[in-house]
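Visitor: So Swiss-Prot lists these for the protein:
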| type | residues | note |
| --- | --- | --- |
| REGION | 1-21 | region 'Disordered' |
| COMPBIAS | 7-16 | compositional bias 'Polar residues' |
| ACT_SITE | Ser129 | active site, charge relay system |
| ACT_SITE | Asp187 | active site, charge relay system |
| ACT_SITE | His214 | active site, charge relay system |
| REGION | 253-275 | region 'Disordered' |
| COMPBIAS | 266-275 | compositional bias 'Acidic residues' |
Amino acid sequence: MMANETAAKSTKSSPTPAVEPESKLKILALHGYRQNGDGFKSKLGSFRKFIGKHAELVFVTAPHIAPPLPDSEAGTEPDPAQRSWWFNKDDGTFKGTNKNGPAIGFEDSLKLVEKVWKQEQCCGLLGFSQGACFVGLLCDLSARGMTSIKPEFAVLSSGFRSGSLVHLNCYETKVQIPSLHIYGEADEIIPKEMSMALADTFTDPQILTHPGGHFLPAQASQKQTYVEFFRERLQFHLEAQEIENATAANSILVDDSGPAGNGVHDDDDDDDDSD
């Protein structure tokens, strides 16, 4: 009898805490090649204002320093502000259109974003250019249970499929989560056909095009699309949290009415049920 009472008290003393609803989405934002987190944040000032009611962006800087540009003077030192998520050429550089190359440093970047994702408790992904390529890979890895990152949605601007050999099998199954794909009709760095090919790896991609080049647009003509996308994502996110809270509450009730007490508690347990 004493053993049963002790077990019951132990169960009730550490109930599963309810998850506090988040008022905004928390989105991990991945910059492009030769960018960094601070620079990307600065470039997205207008975009952040558009979505500020519904979402907060968490910017992270890639761990690898990109080498000097090919036309740099001899002896030029690498700029620590120019970063890369990985390198897909044997000379230690990156080019989105390169095919059948390596993915040097990819695992280091994967570990970094997994760490930040967990620390910041993010729920969605956003990426630009190489960062959007990375987002596409993360979505696929998540679907196959190969990363701790579990995005509810993704936003990919000027994205493309990775041409690295180790990533070629990442696009065999379509990604199921909601996605918004943004690209410029006049993009000469990542042609729109490459962004369209990445969008085709998702089951129901939402497409937003603009007449410009290689950038994430944030003009009045795009505002409504952004607002509606993130408002809908927030609604689904909050509904999921409510279900999670209800499930946790039901679990606590089941514990409180376990076999030791059959729903009747001793006086010694009153402090556990004060709330």
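Sequential numbering from 1, following the chain as shown.
Even glycines carry a Cβ here, placed using N, Cα and C.
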Visitor: If you run the three-state DSSP split on His214 (active site, charge relay system), which class comes out?
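Guide: SS state of His214 (active site, charge relay system) = coil.
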Visitor: Among the active-site residues listed here, Ser129, Asp187, His214, whose Cβ has the fewest other Cβ atoms inside 10 Å?
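Guide: The active-site residues Ser129, Asp187, His214 were compared, and His214 has the fewest Cβ atoms within 10 Å.
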Visitor: Distance check, please: Cα of Asp187 (active site, charge relay system) against Cα of His214 (active site, charge relay system), rounded to an integer number of angstrom.
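Guide: Cα-Cα, rounded: 5 Å.
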